[in-house]
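The next block holds one structure in the form of structure tokens; read it before the comments.
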Amino acid sequence: MAAFSAWFWNERFWLPHNVTWADLADPAPGVEYPKAGHLLTALPLALGIFAVRILFERFIASACARSLHIQPGAGRRAQPNAVLEKVFISITKNPDSRHLDGLSKQLDWEVRKVQRWFRHRRNQDKPSTHTKFCESMWRFTFYLGIFTYGVQFLWQTPWMWDTRHCWYGYPYQVMTRGLYVYYVTELAFYWSLMFSQFRDIKRKDFLIMFVHHLATVGLISFSYVNNMARVGSLVLFVHDTSDFLLEAAKLANYAKSQRLCDFLFILFGVVFFITRLVIYPYWVLNSTMFESWTIVGPFPSWWLFNFLLLVLQVLHIFWSYLIARIAIKAMLRGKVALWVLLSGASLSDEDCSPAPCEWTK
């Protein structure tokens, strides 16, 4: 175990040349540098966020949904039938004509009645609009809250206005209370998403999103441990900028406010393109790749960090293409409204799109 720990925490990988862990272990009184152990705080905080979410959805979001006449009532359920239930679970949820004919003869039902049963059974598993509204309202509330905190915190930092301050004095940069709160809260939230994914609305991209949340947690933790938290806070802020707009558009859609939904989705698209295709490469990547090279110089974890951020930019381009393609399709049909996209809890439900997130959006 000791050999693995020594290999994993190899100073030549994590730190610039001529810097050791011992140099960071004993700072001056009142000065705190990031330590891996600090991140353990995120785990109990994630459980707390998860508990708050359950209470929020049950008592606040649910009340808001009912006030908008979005009721939690269940849809029409399929009548109990052991034979059809076994086929539905074990064989197919969408039987072809051959299966339909066989089941029709076996049960002495009309084919239409068998089709209707499968349709009701499929709809039975779909979450209600009320459930989707509550989930989106929680995400909207958190995303808006963390975005607001990010604005207030970063507005007072020198690296918000001059990104070279992300690298001056690196890695001997103090971990301030405000930066620590920002980082650990973001990390805890994405840990909570991993916990809650198993009780949330089940989507087609379940596995992809699980890996996505895991990668996000890894990126946040990685940048904290090697004290790239200043530039990391800029990455978090860029990605938080559009998340709450997407969730707001979903809420408007569930509330059947189509014009507001259209406006918010268009606003989301504009902000997404500007932040991911303009601000991120010219503000963040320019700093991590060029300013840091001049001020600090490259080292192994620097190469890995920049590689991951470049992969992130490739994903930004891909997702922007998907958003643009979907928007163009809607306009060609004579509709600005993209209600089909927003009918699920993530754009990817219907036509592939960016899942709202973090570091790997």
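Don't overthink the numbers, they just go from 1 along the chain as shown.
Every residue, even glycine, has its Cβ placed from backbone N, Cα and C.
Because TrEMBL annotations are produced automatically, they should be read as predictions rather than curated entries.
Here the transmembrane segment (36-56) has Cβ contacts under 8 Å with residues 137-138, 141-142, 175, 180, 184-185, 187-189, 191-192, 195-196, 221, 224-225 of the same chain, all six or more residues outside its ends. Among the features that TrEMBL reports, transmembrane segment is placed at 36-56 (among others).
Positions annotated as domain 'Homeobox' by TrEMBL: 84-128.
The DNA-binding region feature in TrEMBL is assigned to 86-129.
Summarising the annotation, TrEMBL assigns domain 'TLC' to 131-332.
Panel annotation: around the transmembrane segment (136-155), residues 49, 53, 56-57, 60-61, 64-65, 178-179, 181-182, 185-186, 189, 233-234, 236-237, 240-241, 243-244, 247-248, 250-251, 254, 345, 356 of the same chain, lying at least six beyond its termini, place a Cβ under 8 Å from a Cβ of the stretch. What TrEMBL lists as transmembrane segment is 136-155 (among others).
According to TrEMBL, the feature transmembrane segment maps to 175-194 (among others).
The annotation transmembrane segment is assigned in TrEMBL to 263-283 (among others).
Annotated transmembrane segment per TrEMBL: 303-324 (among others), in sequence order.
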- Going by DSSP, how much of the domain 'Homeobox' (84-128) is helix, how much is strand and how much is coil, in residues? 33 helix, 0 strand, 12 coil
- Query: If you average pLDDT over the domain 'Homeobox' (84-128), what do you get?
  - Reply: 86
